[in-house]
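K.L.:
Before anything else, here's the structure in question.
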């Protein structure tokens, strides 16, 4: 009987995984476009995806340079609860950053008016700090304070979690954002205030059985996407997972062997670095090879600054193949051409980031929708397999 009990406990310990459903909504770009505000927004805000990954040096006032314009195209969001009783927030689960922040009742900016606001006085488990935080973007900063509370994520009660409470959010555009805040899932080394990231705090408390999480992004317009904390669900992918070592432990950065089209190398001829980022919708790379790719697929810029493609051309376009750790990962045109409301746009975006390793690419949702992705902190590796 004791052996049966022990086996039962072992089985339970191997099953401590939690799934957080993600909902696909209209992006901030789409909301601004529908309100006739996109062109004006793009004129006033210089979009620079690179600034998310290589910010300016952090100052003693805990300034985190992560431009929120970089979430312009993000479409996948999940719900978390903060406090006791829980106050719910819609957040971006972002493997390209490490901090958690949400709007608070102390924020009177227009951007906060139509979002859920955290009220510390309504939580019996909230613990204040004297630390402040500032996230700089565009023409101003989101400023706020840091506090501790219980964060509920997919059934997990993550106690004593540090997070940011916004007090000011400049600019009108965040008013139209389909999310309240950001939940970062990258390494603690890039946490702006030295704050322990959510997943690290979860693992430190052994609230999950494995030091990893995985992501499935559905192409479905609304449901089916999920973040899995503490495990892997093989029903979301076909074949076996191929493992890729993390090359730099900060972002989820890996090495790419080459990028080809029709058997011809079009980029990354001598290898390059890439960041796997759920918080970036598009697939970005250096401006020169991206410009060549845009030309090859027949993309041209419209008045809103979008790279549009003829929808009728999709069936004749070739796959673009990323070879990673010796394994080929093809992206069909149905993946890298984004179709919405009868129009088609390119899923590629130019971005120049000088690094010691050379050119840098960002494998955003365009890539992750095709490949179930495991972020393995225990072994510092990323697992990839074709989605089921």
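Using N, Cα and C of the backbone, Cβ positions are placed for all residues, glycine too.
For reference, Swiss-Prot lists these features for the protein:
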type	residues	note
SIGNAL	1-15	signal peptide
DOMAIN	76-385	domain 'Peptidase A1'
CARBOHYD	88	N-linked glycosylation site
ACT_SITE	94	active site
DISULFID	107-112	disulfide bond
MOD_RES	130	phosphoserine
DISULFID	268-272	disulfide bond
ACT_SITE	277	active site
DISULFID	311-344	disulfide bond
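Can you tell me where each of these features sits in the structure?
P.N.:
All protein chains considered, the CB of residue 88 (N-linked glycosylation site) has 15 other CB atoms within 10 Å.
The DSSP secondary structure for residue 94 (active site) is strand. Residue environment of residue 94 (active site) contains 23 other Cβ atoms, counted within 10 Å of its Cβ in all protein chains.
Under the three-state DSSP scheme, residue 107 (disulfide bond) falls in the coil class.
According to DSSP, residue 130 (phosphoserine) sits within a strand segment. The C-beta environment of residue 130 (phosphoserine), restricted to residues of the same chain at least 6 apart in sequence and closer than 8 Å, is empty.
Secondary structure at residue 272 (disulfide bond), as computed by DSSP, is strand. For residue 272 (disulfide bond), the number of other Cβ atoms no farther than 10 Å from its own Cβ, over all displayed protein chains, is 21.
Classification of residue 277 (active site) by DSSP places it in coil, neither helical nor stranded.
Secondary structure at residue 311 (disulfide bond), taken from DSSP and collapsed to helix, strand or coil, is helix.
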K.L.:
Per 10 Å Cβ neighbour count, which of the disulfide-bonded residues 268, 311 ranks highest?
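P.N.:
Comparing the disulfide-bonded residues 268, 311, the most crowded Cβ belongs to 268.
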K.L.:
Could you give the Cα-Cα distance between residue 272 (disulfide bond) and residue 94 (active site), in whole Å?
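P.N.:
Approximately 22 Å lies between the Cα of residue 272 (disulfide bond) and that of residue 94 (active site).
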K.L.:
Give me the CA-CA distance between residue 311 (disulfide bond) and residue 277 (active site), in Å, as a whole number.
P.N.:
27
K.L.:
Tell me, how many other CB atoms lie within 10 A of the CB of residue 112 (disulfide bond), whichever protein chain they belong to?
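P.N.:
By my count, 22.
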